[in-house]
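Here's the structure we're looking at; comments come further down.
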Amino acid sequence: MGDERLHYYGKHGTPQKYDPTFKGPIYKRGCTDVICCVFLLLAIVGYVAVGIIAWTRGDPRKVIYPTDSRGEFCGQKGTKNANKSFLFYFNIVKCASPLVLLEFQCPTPQICVEKCPDRYLTLLSAYGSQDFTYYKQFCVPGVQKSKGVPELLRDGDCPAVLTPSKPLARRCFPAIHIHKGVLMVGNETTYEDGLGSRKNITELVEGAKKANGVLEARQLAMRIFEDYTVSWYWIIIGLVIAMVMSLLFIILLRFVAGIMVWVMIVMVILVLGYGIFHCYMEYARLRGEAGSDVSLMDLGFQTDFRVYLHLRQTWMAFMIILSILEVIIILLLIFLRKRILIAIALIKEASRAVGYVMCSLLYPLVTFFLLCLCIAYWASTAVFLSTSNEAVYKIFNDSACPLAGKTCNPETFPSSNESHLCPGAHCQFAFYGGESGYHRALLGLQIFNVFMFFWLANFVLALGQVTLAGAFASYYWAFNKPDDLPAFPLFSAFGRALRYHTGSLAFGALILAIVQITRVMLEYLDQRLKAAENRFAKFLMTCLKCCFWCLEKFIKFLNRNAYIMIAIYGTNFCTSARNAFFLLMRNIIRVAVLDKVTDFLFLLGKLLIVGSVGILAFFFFTHRIRIVQDTAPPLNYYWVPILTVIVGSYMIAHGFFSVYGMCVDTLFLCFLEDLERNDGSAERPYFMSSNLKKLLNKTNK
């Protein structure tokens, strides 16, 4: 018998031996991986120090408010520009692209104004007339009235021309118009009085097109925001429905797991089938309609996505995708029909375990709260670090100047030798930066910020996995269920994880964080090297990204099972990972046919919940439910709330099913351990329930 068991388990490690004193998770345990715990605490202290430094030096106003040529904010309360919320450019034509205006300073004087200009005026025509009072608000504050037009233009005190503009992101963009047959853009315009000169306006037209693209993107964002403002409460109702459906699904699994699994399978097939039918009906309905045969490639990108729903090709693509998904699911069900019966038994046992530890369903809220803290701290630190630079001023000049581009001091520049060497040059704000040691270390601090976010986020996820694994392992190893189950298994497991295994959790999270930060750096390098035409470099980068993606998936799988072993035996991370890996390798067939089938069934459950809520949201927001047809809010894009409900529903369903998935994985490893420790005899009885004993008999056939 022993030889047969050894042959069955293979040569991967030594199977666990019978221990009459083992009654489940070990309560008398010691601290593991203490060094990693110390490293984590030191890293957190350093992270807090980085945050304090960033918060004392950073200024988020640099992200929110535009900055004029003197480095002063526009529209910031408590400053002299408090009532001047918009940034005006003297000669916006010098900006190569409108997109640059959102991030960099253009080589032209800029001032803060109360409102953008709304009329065409030239300095020469306005000077000495009543229009100069209006014109002067777009000149440098404190401009001397005694100066003539040539002096004002030479010193950069006033723009040569005003053109009607519209505010965009607190900046004044010129409104492109045709005035008496002439394109009016900045001071490159031809006027009746002869000022200016006609010029090849190809570049200006291209700039106008780019500005139009920015305006369309802004308009799209504003319409999406409007849709959220009128539909947010209906979105919340949809998410509540998804939460109720998920909770109801979990409760029903507790009592009728077998029926629920088959109902779930049939419902997913029916939902996909209805989707295929609906796509076909829409495809047939559009037959013969004008414009419905236009291809997606010819149509191009449209901000109004409803246009795509009037194309037959769109519904054909949807129908093909759903049909492929339907065929794949049916084929998997046909080939795995026997294994599905075995997986149902494992799900039934998991349902009983979750039923006895019902508070485990609420634990994802704890994980969600801790992750939100990590994200908030990372995001705020990143913003403050990115805005902790100092204002850098540089010399700008239209003509050739050897000093152009060099740093300068705006206070002393007008009277310095530099201004005399470059007549007409201006010392104006260029960007935020610095030359000190702190500013040179900013990139490293940002990388450290991202790394600590990955480390702490993975630690939070690991804490949740160890806590749930400890609670469900207590259920499995209770010989008389549920009498031998601890009073508070979840809280006991949470306390053990924090008290004894913080170092082990930090170790596993550290390994995963190193891989993740490496992937981020590879993505950054890939973006920087996109312009290069080196095929070998692109091939190498693609291989590295693929390898690290696979490595991350493998480490997540290994960590998950290592945490289960930590929760049961209290061993360090390396020992737990090795034991879990060898245990799975000794039972690789069971792992392949049981564990993954349950994952597939849980995926179907998520698809059922998401699909049901998504279809309900689709009919509601498209006013196709007659009972509540007038209740649905008017929308610019009805896909905005629908996609939000679908994504939110998936996250909610994933949160509930993640508890079930952790329960199944824990029970599965305990089941394999039970098989190695015991043989089912009176002297060495199994700890598994009668339901799992049937599972054992089926797998041995």
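Each Cβ is built from the backbone N, Cα and C atoms, and glycine gets one as well.
What TrEMBL says about this protein:
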type     : residues : note
TRANSMEM : 32-55    : transmembrane segment
TRANSMEM : 232-253  : transmembrane segment
TRANSMEM : 259-277  : transmembrane segment
TRANSMEM : 315-335  : transmembrane segment
TRANSMEM : 355-379  : transmembrane segment
TRANSMEM : 450-477  : transmembrane segment
TRANSMEM : 497-515  : transmembrane segment
TRANSMEM : 561-585  : transmembrane segment
TRANSMEM : 597-621  : transmembrane segment
TRANSMEM : 637-657  : transmembrane segment
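The transmembrane segment (637-657) is not in contact with the transmembrane segment (32-55), judged by fewer than 3 CB-CB distances under 8 Å for residue pairs 6 or more apart in sequence.
Contacts between the transmembrane segment (597-621) and the transmembrane segment (232-253): present, as 3 or more C-beta pairs lie under 8 angstroms, all at sequence separation of six or more.
Only pairs six or more apart in sequence are counted, and the transmembrane segment (561-585) with the transmembrane segment (32-55) gives three or more Cβ pairs under 8 Å, enough to call it a contact. By number of Cβ pairs under 8 Å, the transmembrane segment (315-335) is matched best by 259-277 from the list 259-277, 355-379, 497-515.
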